[in-house]
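According to Swiss-Prot:
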type: BINDING; residues: 4-34; note: FAD binding site
type: MOD_RES; residues: Cys307; note: S-8alpha-FAD cysteine
Amino acid sequence: MKYDLIIIGSGSVGAAAGYYATRAGLKVLMTDAHMPPHQQGSHHGDTRLIRHAYGEGEKYVPLVLRAQTLWEELSTHNEDPIFVRSGVINLGPADSPFLANVAHSAQQWQLNVEQLDAAAIMARWPEIRVPDNYIGLFEMDSGFLRSELAIKTWVRLAEEAGCAQLFNCPVTALHHDNDGVTVETADGEYRAKKVLISAGTWVQALVPELPIQPVRKVFAWYQADGRYSMKNNFPAFTGELPNGDQYYGFPAENDALKIGKHNGGQLIHSPEERKPFAAVASDGSEAFPFLRTILPGIGCCLNGAACTYDNSPDEDFIIDTLPGHDNTLIVTGLSGHGFKFASVLGEIAADFAQGKSPAFDLTPFKLNRFTQ
């Protein structure tokens with residue numbers, strides 16, 4: 001049997017692609033080295049932010065707005081919502097380039113964003129403390145996603161639609177010829193007209209020339225009472241300290257507030273190097289500078305987890321065909337800010353498999369930007 005599309009890596013983007021391509025009527029095989037959702041990539045830990053006024057650059061805004069529509073559609077397939085509209089407050093110095101990008105994106109795309117000075121931030125959310133020179137940009141239509149529930153839902157819907165699934169089975173090699181692609185796995189060989197490589201952190205095992213640097217990251221839950229919950233209108237947040245360090249976090253659930261540091265981490269070169277939470281001495285205290293400054297009422301660290309970023313050199317996505325092989329799409333380099341886009345990236349991959357032109361300008365995400 002020859003598939004229309006074989007997906008290598010069925011985490012966030014791959015799971016979405018499997019569903020959307022199967023729904024479009026294609027013969028699809030989803031593969032993964034583990035059983036998605038799993039703990040080996042970047043999608044675990046229950047929740048991920050979704051921001052619309054994008055501080056990483058306005059080139060992402062059309063993608064995230066389409067992603068939002070798809071997330072809301074996906075939520076209709078569950079009793080529990082996948083998207084939670086908590087609002088997101090972006091905090092930082094008034095001269096922060098990140099916040100300038102947020103404001104610019106909001107203006108360009110007429111997004112619902114409110115700017116607050118330091119006094120207004122602390123009046124609305126007394127739990128938050130900020131220096132006098134800080135501002136907040138509040139995205140009231142943004143919030144967070146239940147990441148593992150999303151992947152479970154896509155995998156289930158794809159299977160129900162007739163998608164073949166081969167999990168706990170690593171892909172070991174790809175071979176291109178004039179008639180398509182042969183995908184070698186521990187279970188045997190499979191043939192496809194087109195392939196999506198969405199293998200996350202360890203994509204270089206299949207495509208060694210990709211400029212991807214795996215980074216070990218951690219996030220943790222800290223003791224927090226009901227003041228920090230959505231019942232008290234406490235939002236999700238991003239925060240930049242005066243030294244430039246960037247943090248993100250979520251409203252407390254079950255008396256625990258999740259927070260992580262976006263920058264930093266440990267460079268790694270194999271899965272074995274991604275040690276569990278607390279294996280690095282700084283893991284449990286990484287968020288302390290932010291908590292002491294911005295959220296002084298938060299309590300002790302309860303538990304945490306490690307994940308992996310697949311960083312590109314400029315921390316922008318890579319969405320491109322494999323050089324010399326127009327039948328193989330690569331989605332990688334999501335650099336720790338990709339989950340919110342998983343729905344639209346999966347749709348882009350499904351369009352690719354159908355021979356459709358992308359609905360977005362993907363030029364900023366091409367591989368050739370690293371050689372120009």
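Each Cβ is built from the backbone N, Cα and C atoms, and glycine gets one as well.
Annotated features, which come from Swiss-Prot, shown on the structure.
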residue : record                : Cβ within 10 Å
Asp4    : FAD binding site      : 19
Ile8    : FAD binding site      : 27
Ser12   : FAD binding site      : 32
Ala16   : FAD binding site      : 32
Tyr20   : FAD binding site      : 26
Ala24   : FAD binding site      : 17
Val28   : FAD binding site      : 28
Asp32   : FAD binding site      : 29
Cys307  : S-8alpha-FAD cysteine : 22
Check: Can you tell which of the binding-site residues Ser12, Tyr20, Ala24, Val28 lies nearest to Cys307 (S-8alpha-FAD cysteine) in space, using Cα positions?
Finding: Ser12
Next item on the list: Could you tell me which three-state DSSP class Ala16 (FAD binding site) falls into?
Entry: helix
